[in-house]
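Here's what Swiss-Prot has on this protein:
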TOPO_DOM  1-29  topological domain 'Extracellular'
CARBOHYD  Asn4  N-linked glycosylation site
CARBOHYD  Asn9  N-linked glycosylation site
TRANSMEM  30-50  transmembrane segment
TOPO_DOM  51-63  topological domain 'Cytoplasmic'
TRANSMEM  64-84  transmembrane segment
TOPO_DOM  85-101  topological domain 'Extracellular'
DISULFID  Cys100-Cys177  disulfide bond
TRANSMEM  102-122  transmembrane segment
TOPO_DOM  123-144  topological domain 'Cytoplasmic'
TRANSMEM  145-165  transmembrane segment
TOPO_DOM  166-187  topological domain 'Extracellular'
TRANSMEM  188-208  transmembrane segment
TOPO_DOM  209-240  topological domain 'Cytoplasmic'
TRANSMEM  241-261  transmembrane segment
TOPO_DOM  262-267  topological domain 'Extracellular'
TRANSMEM  268-288  transmembrane segment
TOPO_DOM  289-350  topological domain 'Cytoplasmic'
Amino acid sequence: MFMNGSSLNSSALDPSEQALQRPPWVTTTLGCFLIFTIVVDILGNLLVIFSVYRNKKLQNAGNIFVVSLAVADLVVAIYPYPLVLTSIFHRGWNLGYMHCQISGFLMGVSVIGSIFNITGIAINCYCYICHSLKYDKLYSDKNSVCYVLLIWALTVLAIVPNLFVGSLQYDPRVYSCTFEQSASSAYTIAVVFFHFILPIMIVTYCYLRIWVLVIQVRRRVKNDNRPKITPHDVRNFVTMFVVFVLFAVCWAPLNFIGLAVAISPERVVPLIPEWLFVASYFMAYFNSCLNAIVYGVLNQNFRREYKRIVVSVCTARIFFGESSNEAQERLKSKPSPLMTNNNQVKVDSV
């Protein structure tokens, strides 16, 4: 899901040779942008993980994928992004060949892990709404953990070959070690299709089916014995749909540039301005800090737990027991299979 870079190996690590002549304000802007992304990424995704850990309402099958997605976003903020930041301010890569390989590998793990987890979330939503009578069996705790492990196994499997074919290279235009794919058009097309276009198609299908069912249920006039989809359910699915849309918007420019270059490199490469290539990369980087913000804005239970965690940190009580009122409130609500849904939907597929 990354585009072509320039050559880097163990004997070609001179930062002065890699540096691009850019005005100081450009590197400063990119550096500040990345610092903001790193800080929000780490704090936001830690809030997501701790929220699910602390709040019984959030401990359900659907949120296993949410936590897995948060881990995928954390991976890049902890290691690759700080190395990119170092490269920006040193105007070149001076961290050695091995760090370049590890950084590129972890970036790939993060982005492919993200799209696979988003696909898993969409399938979970689809089963919960459109096949809810089978949902409990499909998404038992054991099965859900197995699905997440499968996602990460497929993610690593998709990335490992790059370590052996020498495709992890440093690109001075974006100060990053990434995947050099210009050498093989077929490989680039395959990567974009299987790691972006195909998952996007699957997720789109799942959400279209969900919204068709939601519209049908809300238009019913006569009372029947079939349970309704609650407003909480709709809000929760909107939350996950927004997460998907933001990912697609942030990553689409980079992937389509890569696809165009792979199809006709001689014609397309001269037509792509450097600023567009750089902007598409940093826009993709920015996506890793957005999900936690979306949960806080659109999901009431996440928002409340965020506040409790912040207050707990400020009062040094984060790992102490919760208040009796909070405990009683949580005992009244039975956790549901997705996000914060408190009412199980039992509507069969339409």
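For all residues, glycine too, the Cβ spot is worked out from N, Cα and C.
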One finds that other Cβ atoms within 10 Å of the Cβ of Cys177 (disulfide bond) number exactly 29
Reduced to three DSSP states, the topological domain 'Extracellular' (262-267) has 5 helix, 0 strand, 1 coil
What DSSP reports for the topological domain 'Cytoplasmic' (51-63) is 10 helix, 0 strand, 3 coil
Across 30-50, 102-122, 268-288, the most C-beta pairs under 8 Å with the transmembrane segment (241-261) come from 268-288
Taking the transmembrane segment (102-122) as reference, the highest number of CB pairs under 8 angstroms among 30-50, 145-165, 268-288 goes to 145-165
Per DSSP, the topological domain 'Cytoplasmic' (123-144) contains 19 helix, 0 strand, 3 coil
Over the topological domain 'Cytoplasmic' (123-144) the mean pLDDT stands at 92
If you count the other CB atoms within 10 A of the CB of Cys100 (disulfide bond), including all protein chains displayed, you should get 23
